[in-house]
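See below for the structure under consideration.
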Amino acid sequence: MEFFENSDVIEKLYSQFGLCVQGHTSYVCCLALSCDDKYIATGSNDRFIRVWDLQNQVQEYFLEGHTDLIRSLAFSPDGKYLLSASNDTTVRVWNIIKRQNHAILQGHTNSVASLSIASNSQFAISASFDKTLIIWDLITFQSKHILLGHTNFVSCVSIAHNDKFCISGSSDNTLKLWNLDNYNQISTFNGHSNIIYSVVISKDSKIAVSGSADNTVRVWDLDKKVQRDVFKSHTDIITCVTITKDGNYALSGSYDKTIILWDLEKKMKVNMFQKSENPIFCVTVTNNGKYAVSGNYYKVKVWEIESGNELGEMSGHNQLVVGCGVFYCDKKVVTLANDNSVRVWDIEKKCQSLILPGKSFRITSSLATSDSKLILSACADRTIKLWNGEDYNFIYAFGDHKDCIQCIAISQNNEFIISGSIDSTLGVYDLQSFSELSILTGHNGRVYSVIIIENDTLAVSGSDDTTLMIWDLSNFSLKNTLFGHSGPVYGLASLGRNIVSVSYDCTLCIWNIQLNVCEYKLTGHNNCVLCVCASDNENFVASGSTDKTIFIWDMMIKHKKHKLLGHENSVSGVSFSRCSEFLISCSYDKSVRVWEVSSGVQKYVLFNYNVPLWSVFVTKDDKFVIVSADDSTVHVWDWKEKLKVKVLSGIQSIKDEIMPHVELGFLF
């Protein structure tokens, strides 16, 4: 037997055994079925395309190359290519036989939302947020024509099976029919009262079915150019529609977490699949009309259409795989991942054979004591990890939380720490004995952030329950609760006698904790704000967001000073250098970047890693940066010299994590 650790595990198992153990790690946005019903391709916000054997429900291979969310997929009917459309503004052509990128189609200036391929496999059409549709020649891989007419984002497109026309849907609430011989607009269909997310043409090219954010499914007569039917059973946005090959039925998926089967002749709902625990983002149906495949958060599921029963789920971890054990004699592989599961794989059959409860290993936050003698990390395995800051040896793991630890704070005197957890509590621990001093209860949701202020007399925590709570550390009691945000509070920073909080509601609040009021609310981010820090001189605050931007705020005038652009995914951590001249950031894009505060210019990328990064911290002596990673590692860098000092692992032994599972006794 052998045991392996870190993110190279995924590639090793794939190259050595042909095992694809990693499923999607973010929501599944789109899927496509091969013409022979053998393969399902899925695209995700994790930027991967995964191709699955539909019958055996196992992953065959994966494709990577897109730099943003993948919105649409389509197999060419001749079986040569798979096309993908992405928020990165490109359409990629993948050679199915060689399993590699064949061409990149560039021409759109905004996200590409949808794709459709002609029945003769000679051309494809893409729809984009740039309000255009582009017709691509699949022989030369060049643009043939651009269709103009929509007044807002074009969100979906479908080519008729006779290849004579296509239909497009838009956030201008209309559908447009286009002649593909002369590229003229034939007709505009009105009826939907909100963005149209999906449209599909029946195989006989006589009707189209559309789904919209107005919660309706509509059927359109393409000969008479009129609306034929309206179906109104969904209670939320309809994200996807498809038609069976015989044209008798349609399926629709929705944010209301259901898939509905419609009889197009009888004009009625036939069945509702209600077992999904999350919104449905995409759905398709097999050519024989017996099965449907859907995608939602992380999962790809197969359904029997007649009964509405769930038949299975595509196998694979839906969070990062961090380690494995290979048992050569038994021809088994055991994998550990951040999705709280342990999975057993059959090397010969290349399939998943057993799922056991496990835990997550992600490092969510890391800090150092003010004298840099200790490094502490909060881990999703419910423990706080402690390393020697001088020789980097592991010292101890402790904690008594019942769920993942999201945040930690160290007292100014280095004598105690406070941790916040998904279990809605905060733990206070003595840093010498590691004993528990108190458990602070009061929040009604996950605790995402905590800071210690006022010479170690007070702590402030931010939670999923939208509140900030101020704790008196002399008696470990709740002192005050602050209300002001309308979403979870993800980050906190101390700003002299004030504190700054950031939230899912896209705002920063500056609080006067003597008066317990929000004195200023700063706006500018267009998506949730994940992290915040204040400069030591208290002149600046920096905030990082899922909108991929960093804002530097001038605290003298309470106004934005710079908008920093460069990260390609959510900004998860920010920290000022102690001289306040530089800002260091980390991101889910797997990079750490250094910015000049005065100019807002990126000075350099400190390092790129191969998994998302969760937090960044600059030591008190301004020498080192400490970065937390998704694969249970902590990275120590000399940021001025651009030198990697040490990589610490939160997993002391993959073997010791696997062996205690009694259900795996047959392997030992």
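Note that Cβ sites are derived from N, Cα and C of the backbone, with glycine treated the same way.
Secondary structure of the repeat 'WD' (21-56) per DSSP (helix as H, G, I; strand as E, B; remaining residues coil): 0 helix, 19 strand, 17 coil. Residues or ranges marked as repeat 'WD' in TrEMBL: 21-56 (among others).
For the repeat 'WD' (63-96), the list of distant contacts is 29-36, 39, 41-45, 47-51, 102-106, 108-117, 119-121, 124, 126, 128, 136, 138, 141, 568: same-chain residues at least six beyond its ends, Cβ to Cβ under 8 Å. The repeat 'WD' annotation in TrEMBL covers 63-96 (among others).
Note on the repeat 'WD' (105-138): mean pLDDT across this stretch is 97. Positions annotated as repeat 'WD' by TrEMBL: 105-138 (among others).
Within the repeat 'WD' (147-188), the DSSP-based counts of helix, strand and coil residues read 0 helix, 23 strand, 19 coil. Annotation source TrEMBL lists repeat 'WD' at 147-188 (among others).
TrEMBL lists 189-223 (among others) with the feature repeat 'WD'. Same-chain neighbours of the repeat 'WD' (189-223): 153, 155-162, 164-171, 173-177, 229-232, 234-243, 245-247, 250, 252-254, 260, 262, 264, counting only residues six or more beyond its ends whose CB sits under 8 Å from a CB of the stretch.
Under the heading repeat 'WD', TrEMBL lists 231-272 (among others).
Taking H, G and I as helix, E and B as strand and the rest as coil, DSSP gives the repeat 'WD' (314-348) the counts 0 helix, 20 strand, 15 coil. Residues or ranges marked as repeat 'WD' by TrEMBL: 314-348 (among others).
Counted with DSSP, the repeat 'WD' (356-388) comes out as 0 helix, 19 strand, 14 coil. Annotation source TrEMBL lists repeat 'WD' at 356-388 (among others).
Residues or ranges marked as repeat 'WD' in TrEMBL: 440-481 (among others). Tertiary neighbourhood of the repeat 'WD' (440-481): same-chain residues 406-413, 415-416, 418-422, 424-428, 487-494, 499, 501, 503, 511, 513, 516, selected by CB-CB distance under 8 Å and a gap of 6+ residues from either end.
For 522-555 (among others), the entry in TrEMBL reads repeat 'WD'.
Secondary structure counts, DSSP: the repeat 'WD' (564-605) has 0 helix, 23 strand, 19 coil. According to TrEMBL, the feature repeat 'WD' maps to 564-605 (among others).
The feature repeat 'WD' is assigned by TrEMBL to 606-638 (among others). Here the repeat 'WD' (606-638) has Cβ contacts under 8 Å with residues 6-7, 320, 322, 338, 361-368, 370-372, 375, 377, 379, 385, 387, 392, 531, 569, 572-579, 584-594, 644-651 of the same chain, all six or more residues outside its ends.
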Counting Cβ pairs closer than 8 Å to the repeat 'WD' (522-555), the top stretch among 105-138, 147-188, 231-272, 356-388, 564-605 is 564-605
Tally of helix, strand and coil residues over the repeat 'WD' (105-138) according to DSSP? 0 helix, 20 strand, 14 coil
Quick test of the contact rule: Cβ under 8 Å, at least six residues beyond the ends. What residues does that give for the repeat 'WD' (21-56)? 9-10, 13, 62-64, 66-75, 77, 79, 82, 84, 86, 94, 278, 281-288, 291, 293-300, 302, 314-321, 324, 333, 335, 337, 343, 345, 351-352
